[in-house]
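Undergrad: Below are the C-alpha cells for one structure; questions will follow.
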C-alpha cells in the first residue's frame, strides 16, 4: 500500500554538522539522518494541509482553481464574513457551542457523581452498574441509531437543543464514568472521613472536598469530551433535522455537498477554518493535559 | 457515621442512570428486537419475523461488498497507522541515545510531540471536506503537485476512480489517526523499565535490534488494545465517507456497512433490516476483539 508515496512535500536536507553532535557510531549516523528526515516528513504532512486550508480561505474563488499552490495575491477577509452570515456558519457555530457546552457541563457533573459513588461506596449492584456503563464504550453507536431516533421522537425532543444535549450527555457518560471512577479511587479518603466527623453530609463532602480534589482529572476528561462532542457528526445528522439548529459539522457537510450547485469555495474554506479554530485553540492551550489524559484513558 | 448512605447513593445515581437507560441501554436492547421484525418505520404495525432479516442479509450482495470494504479498512488502516505511530513513538521516546541509557527521544522530541497530534484534533468531517478538495481533479493540491513535478500521467480524479477511491480514503484515515496512537504508544514506551534498555545497550544491541527484540515484545498488549480500538473505529467510519463520498463512491466502490445501514434506515425506511445490519456489525466487532485478544497470548512478556 503506497500511502506515503504521494506526499505533497519534500525532505529538506539536514546539515551533517548538527547530526555529528548527537554522537553515535558512523554506521548509525546515516540511519539516524534518514529517520530524522521521516519525522520531518510527517510533521509537514500534518501541518501542510492545515496551512493550505488557512491560506485557501483567504483566496478568491478564481484563485482557488487557477493556482492551488500559491499564497493569495490579495487577502479576502470578506470570505469569513460571507461564511459567517450568508453560509450560516455563524448560526451553526453558535448551535454547536450551545449544545456542546451544555452537554459537557452536564456530563461532567453527572459523570462525577456516578463515578464518586461507584468508587467510594459499597452497595448492592455496584459492579453491575459499573459494567453497564463500561459496556457502553464498546458497542458501536450504529446499532442504537434507529431506536434512538424513535426514543427521541417519542419524547418530543427531535430537532431540539435539549434533546441533543441529553443524548450527547448520555453517550459521553460511559467514558467519563470509566475514567473518573479510577481517578476518584486514587484520592485520599481520610479527608472525607474527617469532614464527616465534623458533621459534613455525604453530598457536602463530595461538592466541597472531593470535587475540588478531582480537578486535574475533571479537566482532562472535560477537554476530551469537548473535542469529541464538537466533532460529533452522526448523532446530529439523525436527531437534528431542523436546519435552523444544525451543528457545525452537519452544516459544513451540507455546505460541502451543495458546492456543486452554488460553488462558493472560498466561503466553504473560511467556514472550515472557523470550525477548526476552537478545537485547535483548546488543543494548543491544554496539549499537555490532553496527552496525559489520552494516554491514561487509552491504556488503563 | 454512614448515616443515610443509601439515600445519598440513590440520589446521586438516579438522574444519570435514568438518562443512560433511556438514551443508551434501551436503544441497544430495542435494536436487537427490531432486527427480528419487518418494521418499515412510520407505520405502527410491525410483525415478528424471527431471523428472516438475517437470512436476507446472508444473500445480500451489496451488504457483503460493504463488509468487504470494511474488512479492507480493518486490515490496511490499522497496520499502516500503528506502523507509522510505532516508528514515530520510538524515535521520540527511546531512540535517542543520551550517554549509555538508551532511553529518551531524539532532538526536538518535545516539538514533534505537539505537532504530530495536530491532524488528530481536526474533526473527521473537516478532514473529509479538506481532502475531498485535496483530491479534486482540477484544483486539487495532489494533482497540482503531480503536474508541478512533471508526473502528469499520474493525475486522475482520485475519488472518481473505482481503484483509487478507497485507498484515497484510507490515506486520510491514516493521516487522521496516527496522532492518537502516537500518544498511546509513546506513553506505553515511557512506562517500560529503563534497565532493560540499558542492558541492551551494554550488550551492544543497535537501535534496530533493540526495537525488534525489546520494544515490540514489551508493547504487545498496548498494540493489541490499539488494534481493537482502531478496528472498532474502522467498522464504523461513517463521518468521513459520508462527507467525502456520500453516494458510496464511484459505482458503490467505497460504500461501507455503516453507510448501507444509514441508507436502509433513513432513506428506504427499512428499520428492521437496518437494525439487523447493526447487530451483524456489532457481532463482527465482538469477534474481532476476541480474535485479537487471543492471538499470540503466549508471547506475553512480564515486567
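Backbone N, Cα and C atoms are what each Cβ position is placed from, and that goes for glycine too.
Grabbed the feature section from TrEMBL, which reads as follows:
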type     : residues  : note
REGION   : A:1-26    : region 'Disordered'
TRANSMEM : A:33-55   : transmembrane segment
TRANSMEM : A:92-116  : transmembrane segment
DOMAIN   : A:93-286  : domain 'ABC transmembrane type-1'
TRANSMEM : A:128-152 : transmembrane segment
TRANSMEM : A:164-184 : transmembrane segment
TRANSMEM : A:218-239 : transmembrane segment
TRANSMEM : A:265-286 : transmembrane segment
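Help me picture where these features are in the structure shown.
TA: Within the chain carrying the transmembrane segment (A:92-116), a Cβ under 8 angstroms from the stretch's Cβ atoms is held by residues 84, 129, 133, 161, 164-166, 168-169, 172-173, 176-177, 179-181, 183-184, 206, 210-211, 214, 218, 221-222, 225-226, 229-230, 236, 245-252, 274-275, all 6 or more beyond its ends.
Beyond the transmembrane segment (A:164-184), the same-chain residues lying 6 or more positions past its ends with a Cβ under 8 Å from any Cβ of the stretch are 99-100, 102-104, 106-108, 110-112, 114-116, 118-120, 130, 133-137, 141, 148, 152, 157, 210, 214, 217-218, 220-221, 224-225, 228-229, 232, 235-236, 239-240, 245, 247, 293, 296-297, 300.
Here the transmembrane segment (A:218-239) has long-range neighbours at 96, 99-100, 103-104, 107-108, 111-112, 141-142, 145, 148-149, 152, 158-159, 163-164, 167-168, 171-172, 175-176, 179-180, 211, 246-250, 253, 278-279, 282-283, 286, 289-290, 292-294, 296-297, meaning same-chain residues at least 6 beyond its ends whose C-beta is under 8 angstroms from one of its own.
Residues 50, 53-54, 56-57, 59-61, 64-65, 76, 79-80, 82-84, 86-87, 89, 93, 219, 223, 226-227, 230-231, 248-249, 251-252, 255-256, 259 of the same chain sit 6 or more residues outside the transmembrane segment (A:265-286) yet have a Cβ under 8 Å from a Cβ within it.
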